[in-house]
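Student: Here's a structure for you.
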Amino acid sequence: MRTPRSARPVRLLTGILLAASLALAGCSGENDQGGSAKSAAGAEARQPGATGGTAGGAKSARRAPKLTPSAIIRTASLTVEVKNAAKALEEARTTAESAGGYVGQESTSRDSDGHERTRVVLRVPTAKYDEVLAGLQGTGKLVERTAKAVDVTDQVVDVDSRIKSQRASVDRIRTLMDRATRLSDVVTLEGELSSREADLESLLAQQASLKDRTSLATISLSLSEKPVHKAAGDDTPGFVDALSGGWHVFVTMLLWIALALGAILPFAALAALLALLWLRAVRPRLRRRAEPGPAMTAPGPLPQARAVPDPSGEGGRD
């Protein structure tokens, strides 16, 4: 039987494709066998003994993933009633410094009754936070306490990751600047580098702030010498209260008298000066003007001559 000529190329092409498929299948089989042999050899090399392999697997199973340490911001506020605010403040300062902390802020005021109030902000390590808090409560009578803890672990991790990325970005820009040859490229890269360095500095500032607030706890302490809440029977006056009130009135009266005398004293001094001028200068002049001059009197009768006795008469009497 004779085969048509048109069928010969088809059979030839089919034979070529079949041979190529068989060749590819043979190569794949050899590769699989070689890979399996290498894997087996590697497994044998990694497993010197059944016990060693089991122990290594157990260690890998027991190995826990690395956890990020918690970052917590701790703050507290205390109000304590004390007998001597200055002494209590010194004790609080000593307690904070002994724990490795410091005094961040301090203010003191005094009310109209003479009671002193002091507010101080203490920064102490978080490891000594509870110890310092207990020591501050023992300085007097605790009136109020408020404590707060904020977990910022996610924020710390995010900032650290962004810092790493930003540093890598800055390094890439610097590498491109070293390779740049055209002036326009250098100018563009310098602007981009400045922007990314500014972002990096901002992230570093956030990281430093978080580190400061998480490593050091903040305690606001208020010391007061005046009782915050009065007892129920404090409104009833007693003998001591009456004596104190009378003394207060007496002192107040003396004070007002002294103030009145002080207000009158300038006018009294002026009046005394005017009186002195009147007595020493004006009054003598007025007196001299008022005195009359010597009066002119009419002459009296002339003295008459005494009669001379007659000698003849005396002789006749004889």
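Even glycines carry a Cβ here, placed using N, Cα and C.
TrEMBL lists these features:
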SIGNAL    1-25  signal peptide
REGION    28-68  region 'Disordered'
COMPBIAS  34-45  compositional bias 'Low complexity'
DOMAIN    71-278  domain 'DUF4349'
REGION    97-116  region 'Disordered'
TRANSMEM  253-279  transmembrane segment
REGION    290-318  region 'Disordered'
Student: Sort the residues of the region 'Disordered' (97-116) into helix, strand and coil with DSSP and give the three counts.
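Tutor: Once the DSSP states are binned, the region 'Disordered' (97-116) shows 2 helix, 10 strand, 8 coil.
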Student: Express the predicted model's confidence over the domain 'DUF4349' (71-278) as a mean pLDDT, rounded to an integer.
Tutor: 88
